[in-house]
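Below is one structure, written out as structure tokens, with a few remarks after it.
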Amino acid sequence: MERCSVAQQFEDRFHRKFYYLRLSVTDVCNFKCTYCLPDGYQPSGQKNSSFLNLSEIRRVVKAFADCGTSKVRITGGEPSLRKDFTDIIHTVASTQGIKRVATTTNGYRMEKHIGEWKEAGLNQINVSVDSLDPRMFHQITGENKFHQVMSGIDRAFEVGFEQVKVNVVLMKDLNHNELPAFLHWIKHRPIQLRFIELMQTGEMDTLFQQHHVSGVAIRNHLIANGWLLKVKAANDGPAQVFVHPDYQGEIGLIMPYEKDFCASCNRLRVSAKGKLHLCLFGDRGVELRDLMQQDDQEPDLIARIQSELQTKSVSHFLNEGQTGMTPHLASIGG
């Protein structure tokens, strides 16, 4: 099949173009993070073999690439729990048109495997580190793995990553007062530290009410102390990224409750079971897997995605209390 013309690039009725695919490859996670899976992963009764296989991944990524997608983030659950994770990276990275291959991980396998992931084609990595206090890290994640994760980040730099992105979910009374420690940590390290506001999902209403805190106070502190806002590239995510001449690291803020947060939306999501999600907080998933079984199904796969895109909402409407069907962030890859 010939590559889509620019006019056929994935675009919705609000003229938002989609350069970025978040592809979940598993729902399984070995951590028990308070804000995601506090009781740990609960199997649905289906075998892990029900997750997308390599051939299905190759076909769906090619369809997205043929319509303008240039960045793929491999997510979970914890994606590195897949035994074929390195093969998945290679499959995505080998797809014509894909320029950036990223993953989001809890970091527990990084120290041992980050070199082979990089060799397979991974060129961006995000690691979840919700506290620099090992005891608080344990409390939030349910796992005593802080030093293991830190060693994995160090190893990423050793094998040649120029920058590591670190995700921190902001939570009142848990980690919201750790900004000074985080700033000290990134002063001489090329880390983009990303503070993410706690988001309300179907199973987390009480947690949200107890621990949600806005990132506005952090933003005001940064601006008052000489941090400057960077200009976004087309396929960048929603983070407002700040830089400072005295710091090697950067600070990103992801604040989904901000006005116009969705105006620059550039990503679509495919779940580990092959459903298209137009929004993290959407009210349904659209079956794509039946059109991932043969190479010659690509025109139909693209047509279905294009058609569904025209139903994408202008906003997530979180401010109006609409949290959609997402029970927790692990279910469609965050």
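Glycine residues also receive a Cβ, built from the backbone N, Cα and C atoms like all the rest.
For R267 (GTP binding site), other Cβ atoms within 10 Å of its Cβ number 19. Among the features that Swiss-Prot reports, GTP binding site is placed at R22, R73, T104, K165, R267, L268, R269.
C29 ([4Fe-4S] cluster 1 binding site) falls within neither a helix nor a strand when secondary structure is assigned with DSSP, and so counts as coil. According to Swiss-Prot, the feature [4Fe-4S] cluster 1 binding site maps to C29, C33, C36.
What Swiss-Prot lists as S-adenosyl-L-methionine binding site is Y35, G77, S128, M199, and the listing cites sequence analysis. Cβ-based neighbour count (10 Å, all protein chains) for G77 (S-adenosyl-L-methionine binding site) stands at 26.
Per Swiss-Prot, [4Fe-4S] cluster 2 binding site is recorded for C262, C265, C279, and the stated evidence type is sequence analysis. There are 19 other CB atoms within 10 A of the CB of C279 ([4Fe-4S] cluster 2 binding site), with all protein chains counted. DSSP assigns C279 ([4Fe-4S] cluster 2 binding site) to coil in the three-state reduction, placing it in neither a helix nor a strand.
The domain 'Radical SAM core' annotation in Swiss-Prot covers 13-239.
Mapped onto three states, the DSSP output places T104 (GTP binding site) in strand. For the binding-site residues Y35, G77, T104, S128, K165, C265, a Cα-Cα cutoff of 10 angstroms around C29 ([4Fe-4S] cluster 1 binding site) retains G77. Within 10 Å of the Cβ of R73 (GTP binding site) there are 23 other Cβ atoms, across all protein chains.
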